[in-house]
Every structure is written in structure tokens, then in C-alpha cells.
Amino acid sequence: MYPLYLFSPSLSFSLPSPLSLSLSLLSAQKLCGTNYPVSISFYSVNDFCEHFSYYGMKAVLTLYFINYLHWDPNLSTAVYHAFSSLCYFTPVLGALIADSWLGKFKTIIYLSVVYVLGHIVKSVGAIPSVGDSTIHIVLSMVGLILIAFGTGGIKPCVAAFGGDQFDEEHTNERRKFFSIFYMSINGGSVLSTLITPMLRGDVQCFGGDCYALAFGVPAILMVIALVVFISGSGMYKKSPPEGNILLDVCKCMGLAIKNRWKSSKYDPKKKHWLDWAEDKYPRRLIHEIKMVLRVLVLYIPLPMFWALFDQQGSRWTLQATRMNMAFGSTFVLKPDQMQMLNALLILVFVPIFDMVVYPLIGLCRINLTPLKKMAVGMIFAALAFGSATLVEVNVTKTVVEPAPQGQCLLQVYNLAVSDVKLNIPGSNLFSQPIKSYEDPPAYQHIQLGGHNKTITMAVTQNEILYQCVQTFTEQKAYTLVLHSNGSEIVCQLATDNIHKSEKMEAYLRFINTRSEAVNITVGAVDFYVPADYGISPHNSVERKEYTNDKCTSGSQNFLITLGLLDFGASYTVILKGDPGEIILQKMEDVKANNVHIAWQIPQYVLITAGEVMFSITGLEFSYSQAPANMKSVLQAGWLLTVAFGNVIVLIVAEGAGLDQWMEFLLFAGLLVAVCIIFSIMAYFYTYVDPDELDKLFPDKTVNDDDEDNLKKNQKYHLDQTDNSMYLNPIEKRTKM
């Protein structure tokens, strides 16, 4: 479901040192006669709880911004992706801390504490009684920043630390462990994106959705993860910090740039700008950096893929809030649960692609190289947003767009006994007679020419002319209620709510034409409707079928049936009848969400297929093209592409100002353009075999010309690793 961390900046496995050989007997124990160490069981519980905690919290985050903090969709999307971006910048920091200072074990412990604090602060900020809205925003942002540093800091360490627990000879078990690790990420994501929205919506607390519980449960799981991880402390193999190759690469590149800048035209020419660092760094390291830079150049277009992919938790979730979520008459999906589909499809697609799709392509003698797979993955993601565009176009047909500046919206209810005609000066609107108790077909735009305007309208009934004077304000929606008052027509203006409920509820109000006031209870919501064409406020009610609701008028009690109040609709119910009876007529001011959530399935299928071909293949490509001690550098670059992809969404969400379907189409078009650029770059890329480095830098007798460089190679590689593949020729001869 999300980018892998298998080859993180701290992922290296050293040969046994005297320290590791002196570990306790507990650390050598195996699980049930297998070659899996007992410590893995503690690690696995920790890993599952951590992923449940992170993805569960993130699943409800966008709706939390909109429904609890009352931010608009654009700001909510921007902050969501700013948080996601920070979560992918901080892994580089976590890797530096682990490799250069604390080691992986202590880094996981300390940053997990930060992680837990972030969840606690976030949960407290979701309690309405704790301060005002400013306090809620401050606590929420502080909590998210702490979570970003916690999750980002430990993610590059957890996979590597798990791999460290295996003995060097158990490579098959270690390989299977990483497969289990990736499956656990998606397994935890499936459960968390299913359960956390249920905690949010199905449990009511503080008078509404229980975001405090939705954030609190992930906090508890993170505490459990930390306690379990610490409990296995005596069983772990704990490698000390060994220095970080990222720092050496940056220092080498910095020196090369510095020397190149200071060079004069009389200095010897260099074939490559990195060669200006040869006076301090070994030629092998410089050549390895050149190989890495060639791959990093290919990474430049990649953020656009993640810009599309990560919108599942923001724009696609917001799209789902305006769709029909019902499956049958009993089961109703929640909009933030739809993200579960991606993780579920990953569990299905990975084996299908590996065992069916790719072998079939091979039988067709199509050379599907890793870079070609990545390009196809981009096309799938673009098609996913094409599908999302089609869905959005149909979804918006049920939406009443607010009036622009200088205009307002108006619909008319004729509650008189016969047809009427309405004439608005300067327009030809409502040219046809308005039938008695007719449900208006649509809102009409009234030109105001300013912030507000008082308009004298002419109302004609039975050839008798009446005047209706009302004041309208721009960008608002109104209902003009016309009714008889003895011998004349009276007009009454009511302000409407045209916005769809982000909570998947329906809006409801009543107009009482009777001579007695009415009290009505719909579900758990009470309405008071004054007599003589009194109008109740709009209230949101749960989406369901309403029958036998309590209604009191004077001393009489009635049971009324409203029928289905559907997702996202806004209703006005007219109360009619003599004192001894109540007759209902339901008007639909804003149409219900009539596009079913199942129409989102194609876009999830396409984006997941794109992920399989792009993300997993991209990591495999990076790993195969990197020298052994440079794999962490490429993984750091890979994580940064995810971070910058979220920055792109942040910029577009806040700056583009496009309709949502146009924004989807823009992203699809941009990714197609980027895919073309990437394909051209890939065409000129030459695949390399990092093992060929041994041929480029063969072991040989030290001569006068190479003695200094070999010494630099010897010192550098002995500093970086105790792996014998990097030992200099003299050391190798001694060992032999």
C-alpha cells in the first residue's frame, strides 16, 4: 500500500563481531525448531502494532480536519499532504541518528517515545472540552509533527533491525522475513483502515463522531508496540553505530564541487566533476557515486507518481463522501474505509503479477525491463485518475454549486392553492407558471451587481398582481415561499443550506402551514416548527429510512413517516392538514448522492496495479543498480521522491483553484507527460552490474603510482564495514 523500507539508509548486515558473539544464550534461541530467532516474535508484534497505529490514524485524518477542525477541503488536503511529506523527509534524519550516533535499537526506542507522545497529544486535541478551536488546532499540529518525526525516524531502522537478528548463514530465512514484513505492512493497513473509521463513526462521544477514540486506540497500540519491543531487549542482536555512507557521499560531492570551483584554467582537466575529489577519496568510492548519480537522475520525474498515489487518503476520500455508500439495506461503508481496498488489492496483486502476469509477458517474448515496468505503472496511475475524473463529473451532478460574487441562488415554493407567476425585473427567470406545491427543479442565479440588493418582484395569481420586496446577499442560496393570507399573496424568504454533509448525513427542515405549532423528533434530533408557515432551521440527521417518528401538535400526538433520508441530500418537508391531521410533502432541495461507491473500484484497481509495477519494481531496480555500500543512498533518494510528490499536491491544492474533476484531469495529464520524459531518459540508460566494480578495481600488487590511492581505498573501506569483500589485497592475503 505504501513505499517499502526494506533497503533503508541503515540497512546493512555485518559479519559477526566479538560483541555479537558474546550475546546471551537467549539471543541464540530459535522459534519452534526453525532458524528464526525468538527475538523476531517481539519485533513482529511491535511492527504490526506500529503500522496499525500509523495507518489507522492517517485513515481518518482528512475527515478530522473537515468535520472537527472545520477546515475547507483544500486546506485539509494541503495539511494532509504536508504531514505525509514530512513523514518521508524524516527517515533520512532517523537513518543518520541510527548509523552515526545511537544505533538502530536505541533510535527505535527513543523515537517511539516521541511517536507515542505525538499520538497522545493528537488524541487530547480531539477532545472538544479541552480548550477552544485554537487549542485544538495547536495540539493537532504539534501531535502530527511529533508523529511525523517518530514514524519517519523509526521506519528506516525497523526493517534493518529485524534483518540484523538473523545469522549470516540464514539468508533464506532473512529473505522470507522481508516478504512477511511487507505483507504485515499491508495486513496492518487493511485492519486499521477498516476498524479506525468504525471507531470514529459508529461510536458517539462528546455529542458527535468520536475522533478522540479513533486517535486514542492507535496511541494505545503504539504504547503496546513500544512495551513489547523493550520486553525483548535481552534477546536482540544490537549492532553499534558504524557511520553513515550518506555523510561520506555528501562530503565527497561537496569536496568535488569545492575543488572544481577553486580550480583554474591551468589545472589538469577532469573527465567528470566528481574526479576533483580524488585527492582525498578513493577512486572506487568516486566511481560508485557516479553510478548512484545516474540512477538519481532517473528519480527526478518520479515524485509525480506519488503526487497521484497519495491522494487516496485525501481527494479520493473526499470524493467518497459525496457518493452512495450503501450496500443493500443493512451495510453502509464509511468513506475513509475505502482506502482499505488498496492494501487488500496489494495482497492479491503481488503474487498474481509475479506468478502469472510477468511470466505470460515473458512467453510473448516481450522484454519488459524494470524501467519499462515503471513507465507502465505510471500509465496505470494516470488511467486511475482518468477514471476518478469520470466519477467526479457524475458526482458533481448532484452538487449545487454556490453562486459566484455578485449573484445569489433562488428557488420558489408555491404553497398557495393555485398557480402563480413570478416576475423579477431585468430577468426572464420563472417565466412559466409555478404550480401549487411543486418541487422546484433547480436553483436559479439572480444577478445582484453587488454585495446585496433589494428587489421588488411581481407575483400574479388569478390575474391579480401583488408585490414582493426582498433583500438578497451575494453567494447565498434562498427559498422564496409564496402562500395565501386571506385575500392576498404573502412572500417569505428563507436561507437555504446547499452544502452536502461531509458526515454522509442528510439535512432536513420543516415548513408548517398549519395553525398550530409542531414538535417533531427525527431519530435523535428535535425540531420545533412555529405555526402559520413557520420554518425550522436545517438540521443534519443520520441517513436511514424513517418510519413512525414522534410528532406533537397541541395536545395531539402523531406518528409520521418521512421515508428514506439519503446520503448528502437536503430536504424540506411541508406540513399540511387540518388540526386533527398532519399530511407530509417532501421536497428535495439538494439531490442525494446517486453515484455508488462501487464506481471507485476501477480507480483503486488501476492505482494498485500501477503501484505494483512502479513501486516494487523501482526498489528492485534501485537495489540492482547500486553498489553494495550505496544501496542506502538510493533508498534515501527514493523516500525523498515520495516526500516531494506530496509537496506537489500541497501546492496544487492551495494554488490551482480548479474544479475537482479538472484537478484530477490535470494530474493525469501531468503524469502522462512525465511518463514520456521518463521513458526517454530510460531509453538512454545503460543497465550496469555493480559486481563489475571488482573488475574495474581488481586486486593487484601495489605500485608506486597507485600506492596512495590504494591506501585511501583501504582506510575508507575498513572504516565503513568489516565485510571481507572490501578488504585490501594485503589483508586478503593475510586471511588466506
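Here the Cβ of each residue, glycine as well, is placed from N, Cα and C on the backbone.
Note: TrEMBL annotation is automatic and uncurated.
Worth saying up front: this structure is predicted, and the values here are computed from it rather than measured.
The transmembrane segment feature in TrEMBL is assigned to 78-97, 109-131, 137-158, 179-199, 211-230, 291-309, 340-361, 373-391, 633-652, 664-685.
Away from its own ends, the transmembrane segment (109-131) comes close to residues 50, 53, 57, 64, 68, 94, 97, 102, 137-140, 142-151, 153-154, 206-208, 211-212, 214-216, 218-219, 222-223, 225-226, 229-230 of its chain (Cβ-Cβ under 8 Å, at least six residues beyond either end).
At the 8 Å Cβ threshold, with sequence separation of at least 6, the transmembrane segment (664-685) comes into contact with the transmembrane segment (373-391) through 3 or more pairs. Where the transmembrane segment (78-97) meets the stretches 137-158, 211-230, 373-391, the count of C-beta pairs under 8 angstroms peaks at 137-158.
Listed by sequence, the residues of this chain that lie at least six past the ends of the transmembrane segment (137-158) yet keep a Cβ under 8 A from its Cβ atoms are 5, 8-11, 43, 46-47, 50, 54, 57, 64, 69, 83, 86-95, 97-98, 104, 107-108, 111-126, 130-131, 635, 639. Looking at which of 291-309, 340-361, 633-652 has the most CB pairs under 8 Å to the transmembrane segment (373-391), the answer is the stretch 291-309.
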